[in-house]
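Q: When I checked TrEMBL for this same protein, it listed these features:
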type     : residues  : note
TRANSMEM : C:6-26    : transmembrane segment
TRANSMEM : C:33-53   : transmembrane segment
TRANSMEM : C:59-82   : transmembrane segment
TRANSMEM : C:89-111  : transmembrane segment
TRANSMEM : C:131-157 : transmembrane segment
TRANSMEM : C:188-207 : transmembrane segment
TRANSMEM : C:213-232 : transmembrane segment
TRANSMEM : C:239-259 : transmembrane segment
TRANSMEM : C:265-283 : transmembrane segment
Amino acid sequence: MSDAPILQLKNITKTYPGVIANENVSFSIARGEIHALLGENGAGKSTLVKMIYGVVKPDGGEMLFNGEPYAPAKPFEARAKGVGMVFQHFSLFEALSVRDNIALGLSAAEAKKGDLKKRIVEVSTTYGLKVDPDRLVGTLSVGERQRVEIVRCLLTEPKLLIMDEPTSVLTPQEVKVLFETLRRLASEGVSILYISHKLDEIRTLCSRATVLRGGKVVGSCDPRQETARGLAEMMIGQTLSTPTRETGEPGEIRLKVQELFMESDEQFGVDLENITFAVRAGEILGIAGVAGNGQTELMEALIGERRSRHARHIQIDGIDIGHEGPRQRRARGMCFAPEERLGHAAVPGMSLWENAILCSGPGADFARGGFVRHRAATRYADKVVADLNVKTASVRSAARSLSGGNLQKFIMGREILQQPKVLIASQPTWGVDAGAAAAIHRVLLDLAKSGAAVLIISQDLDELFTISTRISVIAGGYLFPSQPTEELTVEKLGLAMGGRVKEIASAKEATHV
Amino acid sequence: MFKLVPRKEPLNAMLYATPFIALLLTIVAGFALFSALGKDPAQAMYLIFIKPLTSYNSLAELLVKGAPLILIATGLAIGFRAGVWNIGAEGQFTIGAITGGSVALAFYPDGGFWLLPLMALAGALGGMAWAAIPALLRTRFNASEILVSLMLVYVATLLLSLLVHGPLRDPEGFNFPESRLFQDSALLPNLLDGTRANVGFLVALVAVGAAYIYIERLIFGFQVKVMGQAPRAARYAGFSERRIVWSSFMISGGLAGMAGLFEAAGPVGQLVPSLPVGYGFTAIIVAFLGRLHPVGILFAGMLMALTYIGGETAQIEMSLPSATTSVFQGMLLFFLLGADVLVNFRLARAGKPLVATKPAAQSPALEPAE
Amino acid sequence: MDLVLNILLGVAVAATPLVFASIGELITERSGVLNLGVEGMMVMGAIAAFAATLASGSYVVGIVAGAAAGAAMGALFGLLTLSLMSNQVATGLALTLFGLGLSALIGQQFAGASLPQFPRVNIPVLTAIPFIGPLIFGQDALVYLSIALVLGVGWFLTKTRAGLILRATGENHDAAHAIGYPVIGIRYLAVTFGGACAGLGGAYLSLVQTPLWVERMTAGRGWIALALVVFASWKPLRVLGGAYLFGGITILQLHSQALGLKIDAQILSMLPYLATIVVLVVISRDATRMKLNAPSCLGKVFYATS
């Protein structure tokens, strides 16, 4: 064993049409090191690791693995050399079993070696990653799915393990367990490249950090020696003032949901079970939870894409609206910003002004006598672009040509500038850079201050703690009673997010058996 | 070698250019095809694309063939934009001819100025009724409208055959499976003297105008486009899928039914088993070639009519098989669908990606690498 | 007895082209591609097989030619939808229109020609068993091939690694790409295989069932085959059941007069088409179950963004 770094990057460059994803990136990872790759959304982290894993080929530069030239043409080659990767958006197949999923991630020879099922159980017990080889992946929680991915990697006995934003889908307790597993792997000599934009995690876990900004390496440090603020400045390149929440007296109840049950019509969806909550004027209610616990279904029910069984299950200002569709609800002063930007909140191929028409309601009426009001929609879109500082060539640009952050600003602006009485937004800053996120948080706070009731569904606990008046947790389709933000801690929330899930899961299994 | 590089924004100019690229490629392929068949390609191309434009009579024939194609394609395009795939227009065409024609036969030999409008209405309603079946089965039972509407084409053709063998057979027709010849007041007035061109073409023009307003100006048209491009966004905006599916089928079925009646009351003048000649299918090509846009469809319909008439001329003068026309039309659609990739992608010369070379801040992937 | 035997033998003859075409389409769809051009691939297979058999005097050459023509059409579909990312629905329609035209063009010179009766298998003793013998041991070779093909596809999909990869591609092409499987390549193989099977189905029509060449002789069977895949919930063995059910309906119509039914020929001819509609409605009614069985990526365009 030499002391040569396990992986060395020299001047790696990758360009996409109109974008330089990586420019002259150089750094190296030592054996048994947990190395953080830190950067904002769009800093080029994902492209870089895809090159290391052989999904994308670099345009220039050189990589050395174990001191030897390394240029994987395919992920199989990378895996054969000893590079494993756990994806941010899991590369799993819902309709297949855990065992089949793992077999697909191994080469034919590896998959044949011995009894795969037995090996899965062995690895998962050794590292405390409990998985059941026979279950369909679609029935697993997000945390369990991540374990499947990690087990799949470990079966190839990697020398370098790449983790892409692994904690964004986990409860705080699950994060702790994951970190133990990673430390143990590192102590056994496995190097880990840990990609994240969460500074606290990096400071507890990693011994080395490389910071990317705009595709370039802007710094390298020992994160344990740095403050979170210092890291943030390195990552963002400037200091950001986080918006602060002013506590005011909440007003009347505007949005009230009671005893809402709804069966999912998706194959692996979550049924909503007895959802009850209320949001008052001037309040921001945050709903925390791990992805796939009923957030999508709740959003559909609130938008009116699916109607509730009885009108009284959803009320706005005391009026029953559960039976109404999205347009009627908009007419009553509700606005919605769902999580999925392209294809749900916006039509990718349509221009911004056309996308403005989607939310046509009393606050912004773009139809008269059945005709489209082209000019009114254009003016409104122009205003949204100006007010939220959306970077786009013009409102005639297609929605999909905007960056994620700018499109999100446009969508939030489109909804908020209508001065809604009730705003419901899911993951309002997901995949958005820090500057845009701060801007979005500011308008949400302003909206609540002006007397609107705001509901935010988010997986980002930091976000919820920053802007919510009260926070509640959704798990397995159940919603916990909300509590004032001041009385809550991350740990408390985490217990609700994870603990209840297990309770529910075991109860469900018991009834199914 | 070339590779496709995604464009940052779709190049809308390409939407207009690709039909011409496709036409050009079809002509090139046609040269090859005719050479392979041992025919003079230049002469064939002349006969197909130029000759029909040189005489009054064949120009009038363009209108005869163009009218049903435009009428049907205009309706289909609205559905296609919404992601509603009515590919059974041929069946709705046939049923429209039956219901509209039956009205004429029911009043035989009487008639008057009111008869034709009544027939047209009956034809449209017949087509709508036939289109209602796939619409109902999709909205109510989630059944694929593609397969249902297509199956109903065969059923409609058999139904026509059944009727002209039985109840609608000409009592003085020596047992031939044909209806009576329609009375004069049940025949479409001529548009151009001494030709077969009839007022059906004017109706097609009106339909194009109405469809333009529907798609480009009305909020319904906007809803149709959103549902076709992003169904989930349509649900988010509260557009009713059921209503869009139904209206697409009613419009396309009604127009196809009317086109069928015009065929029976126009160039044919009676009901015969061979009435459906494939306009309902060719109209699909017309709709795509016309970019699903009413004005585009107007031009595409005339072009397609040209290949029909030119194909017939070539068939007679060069003893080419009758199927030549459909091969041509099929190729045209292929080339168009293939060329459409250029709207969202551009061609770049592919070079080997550079690995392990000197650091380069420029962008080797954008430009040829060597 | 003879009538019943004839009817039962006829069922297999009517069902086999559907078996071929739908099992091919099943593989195509399991890989995530919806090819609506089955009718066009079948009819090309029919003319190619007929022409090649006439020219060579060998059925084997004809059958291979039929499969090759279908495969070429399938590959053409792949070129457009996979490499050029065209809309699968529209391209499938184009394939059908093109196939119907091109086959008619090629077939013009063969109108009126005919082939001798396709030989049936004759195993001494076994085939001679009354009733059962001809049914089980006396069909033509292609009937057995079609059944073997269905069993083979069933085995391939559930028991082999390649089959697992194919299913994975149809379930989630982005994930398959991320782990390193060549999505486009796999789909090319699937659509080409699907085309070859459709070509075999067409070959069966022109070599065995008729045996002559008639323009548009597929008469909607390609579309029925598509419906059968839905009917079978994308499971191979159910394709076999569905195809024989439809074979039965078709044969009933041919023998109705002998059976003493006094129904117009046209109405009887409508039966297979109407039955298809009924079957589709019954199967599709439960939207959740449809989603469960259908490959998740069916009909979606794949482009590797990275």
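Glycine is treated like the rest: Cβ placed from N, Cα and C.
Nobody curates TrEMBL annotations by hand; they come from automatic prediction.
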Q: Same chain only, please: residues at least 6 beyond the ends of the transmembrane segment (C:59-82) with a C-beta under 8 Å from a C-beta of the stretch. Say none if there are none.
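A: Distal contacts: 24, 28, 33, 35, 37, 40-42, 44-53, 88, 91-92, 94-95, 99, 118, 142, 184, 187-188, 191-203, 206-207, 301-302.
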Q: Checking distant contacts: for the transmembrane segment (C:239-259), what same-chain residues at least six beyond its ends satisfy Cβ-Cβ under 8 A?
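A: Hits for the transmembrane segment (C:239-259): 3, 6-7, 10-16, 18-19, 22-23, 26, 147, 150, 224, 228-229, 231-232, 268-269, 271-272, 275-276, 279.
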Q: Grab the same-chain neighbours of the transmembrane segment (C:33-53) for me: Cβ-Cβ under 8 Å, and only residues 6 or more beyond its ends, written as numbers and ranges.
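A: Distant contacts of the transmembrane segment (C:33-53): 17, 21, 24-25, 59, 61-70, 72-74, 77-78, 81-82, 88-89, 91-100, 102-103, 106-107, 110, 113, 115, 187, 190-191, 194-195, 198-203, 205-207, 211-213, 216-218, 220-223, 225-226, 298-299.
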Q: Which one of these stretches, C:6-26, C:131-157, C:188-207, C:265-283, has the most C-beta pairs shorter than 8 Å to the transmembrane segment (C:213-232)?
A: C:6-26
Q: Ranking C:6-26, C:131-157, C:265-283 by the number of C-beta pairs under 8 Å to the transmembrane segment (C:188-207), which range is first?
A: C:6-26
Q: Are there residues at least six beyond either end of the transmembrane segment (C:265-283) with Cβ under 8 Å to its Cβ atoms? List them, or say none.
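A: Beyond its ends, the transmembrane segment (C:265-283) has Cβ neighbours at 220, 223-224, 227, 230-231, 233, 242, 246, 249-250, 252-253, 256, 290.
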